[in-house]
Every structure is written in C-alpha cells, then in structure tokens.
Amino acid sequence: MSDNVPTIAAVATAPGRGGVGVIRISGKNLLPMAQALCGKTPEPRVATYADFTDADGQAIDSGLLLFFAAPASFTGEDVIELQGHGGPVVMEMLLNRCLELGARLAEPGEFTKRAFLNDKLDLAQAEGVADLIDASGRSAARLALRSLKGDFSRRIHGLVEGLITLRMLVEAALDFPEEDIDFLEAADARGKLDGLRRAVDDVLANAQQGAILREGLNVVLVGAPNVGKSSLLNALAGDEVAIVTDIAGTTRDAVRERILIDGVPVHIVDTAGLRETDDVVERIGIERSRKAVSEADVALVLVDPREGLNEKTRMILDTLPSDLKRIEIHSKSDLHAHAAGGFGTGAETVIALSAKTGDGLDALKRTLLCEAGWQGESEGLFLARTRHVNALKAAQEELSLAALCGNHQIELFAEHLRLAQVACGEITGEFTADDLLGVIFSRFCIGK
C-alpha cells in the first residue's frame, strides 16, 4: 500500500449499549496518537489501563488500550484498540477524539481490505471474515471459520501451483519448437491435465455445497386465495408470522421468513395473490410478489384437491417462469382423502400436507433440501459464494477445452491453462478488478 494511506478509526462493537465498547484505529506511526489518548507510551501487545482524555486533558472514559505494532497486526499497520464502557455516548466521544487527532472514519470493511492489500490474508479469507459474522447457523459458522483459516485458499493455491507447473512444461515446448520432441507426451502433460481436472471438479463440488449453506434456497408459496399458503408459512416457521383468516385475499403484501433446515437457510415468501387489481396498496404487494417469484429457486404450488386446478390457480401458473422448479402441495390433507397423482402444475413432486397437524412437513423439508442440492455437512467443506462457484466453473471449462487440443495446438493449450489460472486467481484476489473489491468490502460492517 502507499505511504500516504490515512489513519482510520471506527467503533468495532455492535451499536447500542453493552458492557464493553471497542474503538479500532489503524494507520502508520500511531504511538503519538496513543500517547495523546492515554498519556502513556504503550508496549506492543500489552494491555495498558489508562484514562482516555479529550484535548483539555479531561477524562472521557477509563479502560484498556492495546497497541499492535506493524506488521504484526490484523491490518499489517499499527493498530490501536480502545476498550471502554459500551455506552453509545462514550463511544461517540472517544471516536470523535480519534478524529480530532487526525484519523478519518473508516469505510465499511476497510480494516479487512487493508489486511488484504497488505497480504495478511487473501480475498477468500477476507470474505470468510464477513461470512463468519453473518453466519445464519452453526454449520455456516463452522465452515466460514474454515475459509477464514485458509482451508479454501489452500485448495485454490494447490490448483494454481499445478497449473503453473503444467504451464512451465508447455512453455518449454513453445521455446524449443525446432526440437523433434513431443513435449506434451514426454512430460505426461495429458496425465497432469487429467489430474488437474479431477482436482477442480472436487473443489467445485465442495464450493457448491458451501454456497448452498451460505446463500440457501429461495422459495415462493403460490396458489389461489385461501388455499393455505399463510398457514403453511406459519407451520414451516414455527410461529405466527402471517395472518390467517377464512377471508380470501388476507395477504396483501409479500411476507418473508427465513428458516433453517439441517443448517441450510431457506428464504420463504408467502406471495400476495398474483392477479390484477385496482387497489394501489395491494398492487404494490403483488409487484413485490412477482419480484420474489423472479428470484425464486423453487415454487410451492398449493392446490386444494377438493377443488383441483381451478381457473385462479391456472392464471397464477401462467405467470411463473417456465424453468422454475415446482413442488405441488395438496393442502389441508386433514380434511380430505389423499388425491392420486398431481393436477398438471408442472411439478415433478407431489406432497400431501396439513399445516394444521404437521403431517407431510418433514417430507416437504427433505424435498426442499434435495432441490437445493444439499448433501449434508462433511469433512473438508468450506463456506463459499456464488462468485467462487462461477470462477471454478470457468476454470473447469478452460481445462475441458485444453483437453480437446491436439498435439500440434500447443499455443492454444497454453492459453486455456493461463485462463484457468486467471479464473482460480480471481477467488483469492490474485487477479481481481478493483471495482469487484469495492463491492465485496462495501458489504462488510463498519469497524471490520
């Protein structure tokens, strides 16, 4: 990083009241600031108890000051942490004092971004920091910690090293074209390529599972009014999150709820009736429902077998994307005999279910996990993101194209290897555009 990087400061603890509040500061040559804050010269990595004072020497608070000298710190710069009482007024006064002493307010994720730019961690590890903070369940937290500790990165670095080794062999063939030697055959380049393809496939499979655990499954409930959508949402959530009445059309806005099934987050939207209306408020709810449908992975199509596929349900089905996966739910199974087969909703799976008794809920949950592609937590999994999966798919494609190259297409073979390496490098940040970095770190919380 440049020598002209400004000092940054932010509250590192969550907003609100608490027993302890932490101010984090990062920059160059912070000992003078530490002395101005507490009147003492702190030793690195030793907790210093002191009064934190304002410009007039009046105490703002008392607590611990921790000093981490560069480069042995999270960001790779000098870092100060002020640990005081966790009241919002105290935190604001301490932060303002830091700003008076020359710091500026940190941007979201800026501490972690500096750690990345100073080679304290790579991009996949940096994302692991945010994913650990945002983990939706225990499984996600465990896998995010593995990514933060570098498990995912080591797998990627292994792929990159293999690609570099193979590229060196290919470059040798390009450097000595006059030699009557089949370099690719002599160096077993084909065998090495096959090994790399298997390794990419393995990492991709793990990344896809990690992405499911991080990002979950988007599900919409659709069906005619009063068919039991809100009752099903409440049953899945285990709480009264949606209003249930005998009056058709009670739900006038999309109701969203997140549940965990075997640690996998499932984002469920109970849609307002997908129909035309002159009611302004209801129209807004319907537009939100249509947006939820466009973003969904699975639609639960609720049908009352006593009525079958009525005209209202047919109209709703016509609004669904043709490629959207569907599960047909025969609702209110406690009130009727199970119907044989489906009603032509386009669903491959039919489940009879009663939101009132809970009959069929477990079968629905298992089916949702199957639709998500979740295979269960296993050793070696790590949390991943969609961008990681896409990068690995790109590398997989380039290696597949390399395998199609003939023995006299060495330059094309080498180019596919290079592009596969670039795709892998995008995951760890070796080859990453600045605008993508901005997007990634802007989604962090301030102070991290």
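In case you wondered, yes, glycine gets a Cβ from its N, Cα and C as well.
What you are looking at is a predicted structure, and each value in this text was computed from that prediction instead of being measured.
As given in Swiss-Prot:
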type	residues	note
BINDING	R24, E81, K120, K448	(6S)-5-formyl-5,6,7,8-tetrahydrofolate binding site
BINDING	N226, T245, I247, T250	K(+) binding site
BINDING	226-231, 245-251, 270-273	GTP binding site
BINDING	S230, T251	Mg(2+) binding site
DOMAIN	216-373	domain 'TrmE-type G'
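Shown are the binding-site residues R24, K120, K229, K448; the one with the most C-beta atoms within 10 angstroms of its own C-beta is K229. For S230 (Mg(2+) binding site) paired with K448 ((6S)-5-formyl-5,6,7,8-tetrahydrofolate binding site), the C-alpha to C-alpha distance reads 39 Å.
Close to E81 ((6S)-5-formyl-5,6,7,8-tetrahydrofolate binding site) in the fold, though at least 6 residues off in sequence, lie A12, V22, I23, R24, I25, L65, L66, F68, each with a CB less than 8 Å from its CB. Between the CA atoms of K448 ((6S)-5-formyl-5,6,7,8-tetrahydrofolate binding site) and N226 (K(+) binding site) there is a gap of 46 Å, rounded to the nearest whole number. According to DSSP, R24 ((6S)-5-formyl-5,6,7,8-tetrahydrofolate binding site) is assigned to a strand segment. For the pair formed by K120 ((6S)-5-formyl-5,6,7,8-tetrahydrofolate binding site) and K229 (GTP binding site), distance between Cα atoms is given as 49 Å, rounded to the nearest Å.
DSSP assigns K229 (GTP binding site) to a helix in the three-state reduction. Annotation for the binding-site residues N226, S230: lowest Cβ count within 10 Å of the residue's own Cβ, N226. The average pLDDT the prediction assigns to the domain 'TrmE-type G' (216-373) is 79.
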